[in-house]
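K.L.:
Structure incoming, see below.
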Amino acid sequence: MDPDAFLFKWDHRTALPQPNRLLDAVAPPPPPPPQAPSYSMRPRELGGLEELFQAYGIRYYTAAKIAELGFTVNTLLDMRDEELDEMMNSLCQIFRWDLLVGERYGIKAAVRAERRRIDEEEVRRRHLLLGDTTHALDALSQEGLSEEPVQQEKEAMGSGGGGVGGVWEMMGAGGRKAPQRRRKNYKGRSRMASMEEDDDDDDDETEGAEDDENIVSERQREHPFIVTEPGEVARGKKNGLDYLFHLYEQCRDFLIQVQTIAKERGEKCPTKVTNQVFRYAKKAGANYINKPKMRHYVHCYALHCLDEAASNALRRAFKERGENVGAWRQACYKPLVAIAARQGWDIDTIFNAHPRLSIWYVPTKLRQLCHAERSSAAVAATSSITGGGPADHLPF
């Protein structure tokens, strides 16, 4: 018997797979139904509303209904709170959609948060674009307020205001006691001075008084400016007086920007240059604008605004005599008191009536000088009626 007869030989060329009748009879299973898209899907259909509302508990279909009405993120950001209320009322009336109470507040909160984020990005972008040129341009004015020792007391009081008598000499004499008190408690005051920028008493009119009183309790710093004639460009490391007055114009521009942002956010709008404006200027890259410097020379700027001819004449006279900025600053008080005398001694009304001065607080020292001169004038008038001699200026 041939054993090969019982062997099965597989021919790969002719063999075909046997059809599976069982699988043919059974229909293929239907594909699984598509899952409902999550909240983070379909970003193009809602125009970015889902990203705006996602963190504020607003339902997806609420955002979809808002998108069906034609609203986008940019549209909502440019709408006021009253317009947002009208939009939500229209949503309820047109689609018969019941908005939850939390959704009404969530929509407004999301819009406000997005506005703040855009404003912060804009300030940061502006700081990156303008930071290099700004710091290079104004580094010289900033170095004047560094922690440097005083040259002499005459730098602070400016040679007694150029020989002016009466109250002006008393003010200069009262300032001679300041250096001893500064050296006594310098360490404690330096910490307080560093916290001054973060103080939030923006709307208190006593800021002007606090600034003048702090002259006694702060370490005296070197003046960052030199006396220059109108139109003269300063030479050396210090800037001229035209540049100083230009800083006040910049503060006015920053105040307008702060007011615009506050109105858009529905927040309290400042009417004067406060700490909020100085912080905004710092964020915008204008580190050379700070509260101590601007409050220190605000009466000089007031004279420049109220009587530019007298201010220019005073600058030329002090430039010819070689006087420093401290002497020029002290001499600026007397013309302002004379202006106040011609207008009933009401220096606050004079400031508030001027468009460029109404945003600044009246320095306490200027107000005190006006009060003292007013009292002296009243005493002199009384003495002339009774036949007495001339009255002396009253100290204060």
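Placed from the backbone N, Cα and C atoms, the Cβ positions cover glycine too.
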K.L.:
Under Swiss-Prot, the annotation DNA-binding region belongs to which of these stretches: 77-80, 345-348, 361-364?
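P.N.:
Going through 77-80, 345-348, 361-364 one by one, Swiss-Prot flags 361-364 as DNA-binding region.
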K.L.:
Between the candidate ranges 11-15, 221-225, 271-275, 371-375, where does Swiss-Prot place the DNA-binding region annotation?
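P.N.:
Per Swiss-Prot, the stretch marked DNA-binding region is 221-225.
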K.L.:
Which stretch, out of 154-161, 234-241, 290-297, is listed as DNA-binding region by Swiss-Prot?
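P.N.:
In Swiss-Prot, residues 290-297 carry the label DNA-binding region.
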K.L.:
What is the one among the recorded sites Lys268, Asn275, Arg279, Gly326 whose Cβ has the most other Cβ atoms less than or equal to 10 Å away?
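P.N.:
Compared across Lys268, Asn275, Arg279, Gly326, the most Cβ atoms within 10 Å surround Gly326.
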K.L.:
Treating G and I as helix alongside H, and B as strand alongside E, what does DSSP give for the DNA-binding region (290-297) in helix, strand and coil?
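P.N.:
Helix, strand and coil residues of the DNA-binding region (290-297) number 6 helix, 0 strand, 2 coil.
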K.L.:
Summarise the DNA-binding region (361-364) as counts of helix, strand and coil residues per DSSP.
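P.N.:
Within the DNA-binding region (361-364) the tally stands at 1 helix, 0 strand, 3 coil.
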